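Novice: The feature domain 'ABC3 transporter permease C-terminal' is assigned by TrEMBL to B:274-395, B:728-840. Sequence annotations record features per position, and here TrEMBL assigns transmembrane segment to B:270-296, B:317-347, B:367-386, B:414-435, B:441-474, B:495-515, B:724-746, B:777-799, B:819-841.
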Amino acid sequence: MEPEVTEDVPLWGSRLRKVYGKGENRVPALRGVTVSFPRASFTAVMGPSGSGKSTLLRCLAGLERPTEGEVVLAGTTISVLGEPDITRLRRDRVGFVFQSYNLLPALTVRQNVELPMRLAGRRPLRADVELVLDQVGLADRATARPAQLSGGQQQRVAVARALVSEPSVLFADEPTGALDTNSSRDVMALLRDAADRHSRTVVMVTHDPVSAAWADRVVFLSDGEVHGELVAPSAAAVAEQMTTLGG
Amino acid sequence: MLRVALHTLWARRGLLVGSFVALCLGVALLASTGQLLSASTSGSGLGGIGRYDAAAVVVRADQEVPVQVGDRTVHPTAREERGVDPEVADRLRTTPGVTDVVADGSFALGLISEDDADTPFRDLVGAPWSNAPLTPFTVVEGEEPVAPAQAVVSRSLADADGITVGSTLRISAPTGRQDVEVVGVAEPPGGTGIPGEATVLLDDATAASLVPDGQLPVALGVFSEEDPARLAETIRQEFADEGLRVLHGPAKGGVAQDEIYQQGTQDITALLAMMAVIALFVSTFVVAGTFGFAVSQRTGELSLLRALGATARQLRVMLVGEALILGVLASAVGVFLGAAAAGQVAALLVDAGAAPPGFHAPTAPGPLALAFVLGLLVALAGVVGASRRGSGISPTEPPRLGQLDDSRMTRGRWITTGVCAALSALIASTMPTAAADGVVVFSFLLAVFLVLTLVSLAPLFVPALAAIVVTPFASLSRSSGFLASRNLRTGMRRTASTTAPVIVTVALAGTVFGATSITSATTARDSERNLAADVIVHSTTATGLPPEAAEVARAAPEVVGLASVTRTRGWVPTATYARATTIGGVDPTAVRHTYRLDVTEGDPATLDGESVVVSQPVLDDTGWEHGQVVPVHFGDGRVRELRIAAVLRNSVDLPEILVTPELVAQHSRDPMTAELYLTLDRTPADDDPLTELNDALAPVGAVATPGARWLWEREVDNAQESRVFAFVLIGMAVLYTSIAIANTLLMSAGGRIPELALLRDSGATRAQLVRMMSWEAVGVVLTGALLGVLAAAVSWTGVYLALARTVDAAHLAIPWGDLGVVAGACLLVALPASLLPVALLGRGRAGAGP
Ligand SMILES: Nc1ncnc2c1ncn2[C@@H]1O[C@H](COP(=O)(O)OP(=O)(O)OP(=O)(O)O)[C@@H](O)[C@H]1O
Ligand SMILES: [Mg+2]
């Protein structure tokens, strides 16, 4: 089926609702979220625990289907696509960095980075891989196993893996949640760079006001709904806004 | 993608070791049973001296006999060896190139001796001295037997039994007892006798007097100076379409060792075939289980791959690829193990007396290749379900520690459940009409499908059931019991997976042990009720009783009634197949005194040479009716049209079809009486030695036993035999499923270490952890045993109902002891496997996190 091409927005979520469970166990995680993300922007999503941040990210990335609403990703309305088409779109246009690094322990650093391209049936160019590994500062650890790396290094490998397929949209769910200040800064610099130098659309969930300050804009979620946003945020302003949300 | 598969395969080797071991052993089992099967259906290859070595060509009768069923003819193998018409010998003598023709006049005989020493011979063969040139036997000591009542024995028999020239042999043969004088010892060239056969060569007149008149020779030895192959071809052309087999070279037969060997191996063939079926079922089952479990343990990894852009199809390809690599490796190793083990098993079978001496299992490429292919298919079959589930994993963030492992009823599971339940119902509904000897097979199949039904339904109720089962223990030890119960309830997949092999083991054991114990207990009770004879007389020699035994017994003062049964075998035609049956020769009036016959129609006393008494199961299968004239096929292939004079509800211990003894004698090679049933003027106690009667019977090679004791001894013998059979079958299955139990527990061990570490950090003592894991193992084994007994109980009911159709005294003898042993074995395996994570925790608990 020919996907419906809307306008040239890299990422747009419209009236997104997501309900988990049935009957007694019904949990509304998103209650109608509309949000759009311009090209080459870096957006942070913040909110109290359980406010639906991860759910929003998964829905936007096509990892999960919203109960209601539409997601337009790279100019394609994904709610009309079948599962294999979504998967294909995702591996061509989307990169994802998880909170826990989620590297395959069986593979070396290079193999982990190459994995998405292999899954897409493309032959990874050695130069491309070297380039992203160099970007994340791990060119010399290409043959190491994840278990031999520090947490910050592992997260940088995960970022490299997300970047290697040159995605137009890059998602990161609490990428610095388990990292110290220095490692956090390294990862933030990488994300900033992705938006500025490579014109990618970056969306990141975080609890850390300092990390959020690296973004162009902060979107606040509470109870599955958008509660305001902050453009060109400073760490102090973010922290203040968070207190009003009770996070 | 294949590279990813290879990498993950290697990294996950711990998880896949279980599947590998299961598959490898399954293939080994299949390979070794296959190799043994192929060995048991081919000759021993031992060769040796044959009876017809000196003849150029041997002519035998075709052993395929025609039986008309419906509108077609089937050709089963004769159940009494067919002889050759003497007229053929006359015509052969005039065939160009033939110098002489010797008819094989051999017959089975018994040697009566005071001491019943074990003899190294299976066959005791008597033959006229004129048969000596066939082998040839030449006298090496003494002289040839020419005068009446003279004999020459083979050197091997003389050496084994201490027979010398001048000894007297007391022979028991179909026509009577005879004492003969040993006048010489003979040897074939290059040996001391025909291996495995004790040969007594008698003067021609005596030999002829010992076989019934009109018995045809089983073979004609043709002597010639010509090339045997050419001569055989000439004879074949001359006697085309006359139902003869013209043989030369090794095919001539008459190698006693080979025939004995083949007879011996036939017995184990059935056992091996059943073993192969169980091996296939159990290994498919276990491999599917371990694959499924391995996939469930990898949910995190698979969902990460999905998140990184792997399509469902790619995951499926990867999982199937892994299974293929694993299948090839495991099958290859399994084939080697199996081929090696077959030799050991063959030796074991010989030691146990289940296989004839000399039985061995040479490497058989066919069965080994088949085992390899089956191994691959099993691996593929096993991974199909798992890969469908694995590829259906959603690409959301992988579950973290502490997330509940949930295992819902998928659509595939519902379909499997439905199909298996429907098949169970179908089998259950056909059981009451199945032939008696099919009941065990049917009950086994029923149990298999019930087990599959239960196992596919397992996630629905097994975890809850296990939690309930373990509750009584929870009250014994407060915290650990409670934790165990919660773990069983919430670790659904794990609980269901570890319970499954226990269900299989207990259900299979219950079915096989139950079916044998129910049938043998029922037969014993039934015989007890129906046997009215006070005393049973049976033979002490290798053959049956000579006619003199009946005379001696009848002459004894205390004997007031006597009946004898001679036995042969044959077929009755049903609408679709030639049904094998047993045929007995009885005196209809005498048999009423020794058996309480349950006559439903007609009067057995009217039995004569033109009629037959038939038991109900035969009528059920053939559709015959009382009064009808029916074709009874005897074992030698000849048909008699006989009128049904009476119908018995069941045949009890008697053959299914009863005719006059004269009729049996005409169609049987060895028409000696198997047993004599006596009524005395008093009822002897069980331990009555019957001294007087036995003193009189000993010279004719017979012994008398009080009826009740005889039944009891026979029951013990039968039970022993079927228990050995059942233990071999079940022992193998138990061994295999134990591996599966250990497998699943060990595979989940890795996943449990963090959980146990957490408990320890929260203040649980090591002893509490040990107790908790032990209760879990107990809960799993008890639940599995409970469900296994449930499946077995359905099959017991089926066997019971099928038996009750023909027998009043059907007895539901349930082998609780044996089942206890099997369940105990499961627990013995489950306990240490469950405790392994606790032990591992003790060593390296620093690395608790994932
Ligand atoms: N797979 C699921 N099944 C059922 N409920 C879920 C599932 N995933 C999330 N939820 C529920 O949806 C709500 C939002 O969850 P979500 O993970 O999006 O929160 P979050 O904002 O990311 O929180 P945190 O900051 O703690 O990560 C929560 O109430 C959560 O319990
Ligand atoms: Mg979250």
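Glycine is no exception: its Cβ is also placed from the backbone N, Cα and C atoms.
Neighbours and distances for these, please.
Specialist: With DSSP classes pooled into helix, strand and coil, the tally for the domain 'ABC3 transporter permease C-terminal' (B:274-395) is 100 helix, 0 strand, 22 coil.
Secondary structure of the domain 'ABC3 transporter permease C-terminal' (B:728-840), assigned with DSSP and counted as helix (H, G, I), strand (E, B) and coil, comes to 98 helix, 0 strand, 15 coil.
With a threshold of 8 Å between CB atoms, the same-chain residues lying at least 6 positions outside the transmembrane segment (B:367-386) that come near it are 19, 23, 26-27, 30-31, 34-35, 37-38, 280, 283-284, 287-292, 294-295, 319-320, 322-324, 326-328, 330-332, 334-335, 338-339, 412.
Sequence-distant contacts of the transmembrane segment (B:441-474) (same chain, at least 6 residues past either end, Cβ-Cβ under 8 Å): 281, 285, 407-409, 413, 416-417, 420-421, 423-424, 427-428, 430-431, 434, 481-482, 484-486, 488-493, 495-496, 499-500, 503-504, 507-508, 510-512, 514-515, 775-776, 778-780, 782-783, 786-788, 790-792, 794-796, 798-799, 802.
Residues 278, 282, 285-286, 289, 292-293, 296, 407, 439-440, 443-444, 446-448, 450-451, 454-455, 458-459, 462-463, 466, 488-489, 723, 726, 729-730, 733-734, 737-738, 740-741, 744-745, 748, 780-781, 783-785, 787-789, 791-793, 795-796, 799, 814-815, 818-819, 822-823, 826, 830 of the same chain lie 6+ residues outside the transmembrane segment (B:495-515) yet bring a C-beta within less than 8 angstroms of a C-beta in it.
Sequence-distant neighbours of the transmembrane segment (B:724-746) (same chain, 6+ residues past either end, Cβ-Cβ under 8 Å): 18-19, 21-22, 25-26, 29, 271, 274-275, 278-279, 282-283, 286, 289-290, 293, 352, 354, 494, 497-498, 500-502, 504-505, 508-509, 512-513, 516, 777, 818, 822, 825-826, 829-830, 833-834, 836.
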Novice: Could you give the residue numbers and ranges of same-chain residues that sit at least 6 residues beyond the transmembrane segment (B:777-799) on either side and whose C-beta is under 8 angstroms from one of its C-beta atoms?
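Specialist: Distal contacts: 424, 428, 431-432, 439-440, 442-444, 446-447, 450-451, 454, 462, 465-467, 469-470, 473, 484-485, 488, 495, 498-507, 509-511, 514-515, 518-519, 745, 812, 814, 819, 823, 826-827, 830-831, 833-835.
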Novice: Hey, which bits of the same chain come close to the transmembrane segment (B:317-347), Cβ under 8 Å, at least six residues off its ends?
Specialist: 1-2, 4-6, 8-9, 16, 19-21, 23-32, 34-36, 39, 291, 295, 305, 310, 355, 359-361, 363, 368, 371-372, 375-376, 378-380, 382-384, 386-387, 390-391
Novice: Mean pLDDT, the domain 'ABC3 transporter permease C-terminal' (B:274-395)?
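Specialist: In the predicted model, the domain 'ABC3 transporter permease C-terminal' (B:274-395) has a mean pLDDT of 79.
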